[in-house]
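Encoded as structure tokens, the structure appears first; notes follow it.
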Amino acid sequence: MIYLTVGVPKEIFQNERRVAISPAGVEALIKQGFNVVVESGAGESAKFSDDMYTKAGAAIKDANDVFASDVLLKVRAPMLNSALGVHEADLMSEGATLVSFIYPAQSPELMDCLSQRKATVLAMDQVPRVTIAQGYDALSSMANISGYKAVVLAANNFGRFFTGQITAAGKVPPAKVWGAVTSLEPRCVVVALVWSFSSRAAALEQFKSLGAEPLEVDVKESGDGQGGYAKEMSKEFIEAEMKLFAKQCLDVDIIITTALIPGRKAPVLITKEMVETMKDGSVVVDLAAEAGGNIETTVPGELSVHKGVIHVGYTDLPSRLPTQASTLYSNNIIKLIRAISPDKEVFHFDVKNEFDYGTMDHVIRGSIVMQDGKVLFPAPQPNNVPVAAPPKQKTVQELEKERAAAISPFRATLTTAGLYSGGLASAIGLGLCAPNAAFTQMVTTFGLAGIVGYHTVWGVTPALHSPLMSVTNAISGLTAVGGLSLMGGGLLPSCTAETLAVLAAFISSVNIAGGFLVTRRMLDMFKRPTDPPEYNYLYLLPAGLFVGGYGVALQSGYNIEQMMYLGSGLCCVGALAGLSTQSTARLGNTLGMIGVASGIAATFGALKPSPELMAQMSAAMAVGGTAGLAIAKKIQISDLPQLVAAFHSLVGLAAVLTCVAEYMVEYPHFATDPAANLTKIVAYLGTYIGGVTFSGSLVAYGKLQGLLNSTPLMLPGRHALNATLMAASVGGMIPYMLDPSYTTGLTCLGSVSALSAVMGVTLTAAIGGADMPVVITVLNSYSGWALCAEGFLLNNNLLTIVGALIGSSGAILSYIMCVAMNRSLANVILGGYGTSSTGTGKPMEITGTHTEVNVDQSVEMIKEAQNIIIVPGYGLCAAKAQYPIADLVKLLTELGKKVRFGIHPVAGRMPGQLNVLLAEAGVPYDVVLEMDEINHDFPETDLVLVIGANDTVNSAAQEDPNSIIAGMPVLEVWKSKQVIVMKRSLGVGYAAVDNPIFYKPNTSMLLGDAKKTCDALSAKVREG
């Protein structure tokens, strides 16, 4: 290996206290393979002693030895050394490399001198302002220090506090500060009234982010110049801004300027006349003093006063914070040297005249102003220079506000009044077509139960939405009541209708037993070790009292079935209400069991079956219940969505069987029954709803289980096909109602069963896997309405009450899911794309490169963070990574870190699935928060771990009005300090939208299998 010597001389420019390399920089250079020599006393003014450099591995030499180095690192450009009587450039070895501020356009004599030494020169002031070179941008580093120091100097020379005061002695107003972005130190913004100005749009955005009020002129002209600097503006713009500046000078107390144009004298922004209009005691700080100054009355290098206005014209502001400035400058140079030389053994770099914008070739060619004595300044234009940014697009939120504002109060009120008119007109219509009082009573029961269900379900905590669906699944098994009511014969059914009824009772029993057991399993997972003991077996007392009391009343000749149905319905309401909190959730499941058990007991009592029929009923329910228990005991919690879908299909099938059986049983009475037409209509509607629920649930099960492709099946002309199926289903009611024959009736019921089953397939197949949460909630709602149809059919209050509860529950959950995706229910069910906010333009193009990290780097980031949020998605479910992530959370909590989870409403494949999976792994439910609860915490979060989530954290929903997920509420993870995204690849999510957060500067990608990666992270953290 060839060891090159890097020399660090002492800066001799007047009042210069910085040094090019810090002791830490020396260590970095030595690790890279350089020898380092430092001139004695070079770092003394920056508080870096010779001993510190020696300990870092450098040799301390005199000036001649240092300038003889192969690579020379300086802050200021070489100048005449009066002590030695020679120019510093002449002290350099021939062919040496110099890295320093040079300003080649203003230093032609220096360039000639360096050329004679055949030097290679990298100018720190010429580093292009591109993303890849941010770490080498010494101008920005020094400007930030100057800005900070400018505020301090302004405060020192101003006669008041920046902040206002209100005391017993009186009120003192806050200072009014007008400055540039590099000078607006955040504390200044907090305590003072701050205005700011820049001709560059990016700078104006920075002003806003600091809390300052940006000043803008009426002339619309971009001031963005080449390389990220400002350009010289047009005459019209300058005239407009001078008027603005003159107006501000009359009002403000402090002005801080920093306007520079590369290679040119600083523009005069504040004229002598403007300064003379300022109040006595005002302060102006001119950061451009070294380049001539932005303020006409500035004396470069001095503190002066003109007409009572104090002028700070120092040209050495970075040197007034020498330790900070030297450290940052050292970091800039070290990073540049490392980046431009790809070979770690030999320091060299290639200079290309053809290069693309934003690449390392661009950085090298822009920085090098001389190679082997040949002047290369200025650099040629790069290829693929990005065009000027178009006018800033309005955000999705801004467009939504404009859209909402465009709706007049009259129109909004008219819409609401129309809805109420429609509801009340429907009530009148139902009253006019009611065949008897029993129907009116049933509609009353349905309406009141719907209202109760609506308010009850809204109270359920989102973390328990999965148990809510499971318990409603179990309660929907009350379709068994319809089957039991139609059963007949002895030990075996005696006709087709009775056979269908047996099947309905059997299928419903699977739902009842399986649903309650799965609900209990899920709720038990939410138990924490610190929770008090529970004695839920004591609820056998009210259950035994209710059912046993009914038995005694029945034996005593009392007919109290309607009160039993009321009690059963109220218990079912209590089952849903119990899920409003974790502490009452298991009581809710118990109340659901009591409600179903008492409802079935009351049905037995009302039917008074013979011993043989009783045996048939009991056998059907016992076999079905046993099957349900076996399924529920065996199923894995990660497969819960499939189970729910399968159980929904059973409810749908039971509804179809019950409706057809009821038609068969009641047909002989249609001629004399005044409510015959109502019975026929309800049987037809129940058959249709049940058919759609049955087949749609089976398709959903197949997609969730992996038996069918989860991608949408887009049949040609599918909307026309669905419209035809619907028309045929509605049209089938005409012969069904007009022709009184038994054969026609059964044929129509059979036809609508087939048509609705086909429609369930075509509708559900067109919906992708990502929309399964909505599909499941809609099917849940369908099963409730099917149960309502049975209630009307059998004139059974219990079925109507429970059906309304379940229908309301599914409808509300569907609404919550759709709001969480900013989509309409019709858009989801009909297999549509895009949100209600999606624009018509071209989606935003995502540019940039992503940053990848490995497990070791990720562990370091985790160890450094104190406030951590974990955002899981369906990828965690698919990889079954809940256990290793729970182990990691436990370890981090023991280390004193604050760790929480953020859950999106549509994460997973059914509402609340991720909450259940995390509870299964032992994660306490009180650290698992919903999106609305945690979104405002991201800006204060040190680190976010995104595990298997994509669309639910996609910033395009807020940044791109033309994205197909525009306006969708998302977890705003990109607002945190650092983000680690754990995915298998950079591929898109189910919405097929690229995710901009992958390319944001605070995001790192940790690619791989979620479970294996979480296992590795947990193991590394445990190792310490």
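From the backbone N, Cα and C atoms, a Cβ is placed for every residue, glycine too.
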For the annotation transmembrane segment in TrEMBL, which listed range does it cover: 58-77, 538-557, 758-777, 858-877?
538-557
If you count Cβ pairs under 8 Å, which stretch among 538-557, 681-700, 799-820 touches the transmembrane segment (720-738) the most?
681-700
For the transmembrane segment (644-665), sequence-distant contacts whose Cβ falls under 8 Å of one of its Cβ atoms, 6 or more beyond its ends:
469-470, 473, 476-477, 479-480, 482-483, 486, 495-498, 500-501, 503-504, 507-508, 510-511, 514-515, 679-680, 682-684, 686-687, 689-698, 700-701, 704, 745-746, 749-750, 753, 776, 779-780, 782-783, 786-787, 789-790, 793-794, 910
Other parts of the chain folded back onto the transmembrane segment (799-820), taken as Cβ under 8 Å at six or more residues beyond its ends:
442, 445-446, 449-450, 452-454, 456-458, 462, 465, 468-469, 472, 475-476, 478-479, 481-482, 565, 569, 572-573, 576, 595, 599, 773-774, 777-792, 827-828, 904-906, 911, 931, 968-969
Residue numbers, six or more beyond the limits of the transmembrane segment (538-557), whose CB comes under 8 Å of its CB atoms:
564, 567, 587, 590-591, 593-594, 597-598, 601-602, 605
Using DSSP, what is the helix/strand/coil residue split across the domain 'Alanine dehydrogenase/pyridine nucleotide transhydrogenase N-terminal' (7-146)?
59 helix, 25 strand, 56 coil
So which residues does the transmembrane segment (500-518) touch in its own chain, when a touch means Cβ under 8 Å and the partner is 6 or more beyond its ends?
470-471, 473-480, 482-488, 493, 589, 592-593, 596, 616-617, 620-629, 631-633, 635, 640, 643, 647, 650-651, 653-654, 657-658, 660-661, 664
So what's near the transmembrane segment (681-700) in sequence-distant terms, Cβ-Cβ under 8 Å and 6+ beyond its ends?
645-646, 648-649, 651-656, 658-660, 662-663, 708, 729, 732-733, 736-737, 748-749, 752-761, 763-765, 772, 775-776, 779, 782-783, 785-786, 789-790, 792-793
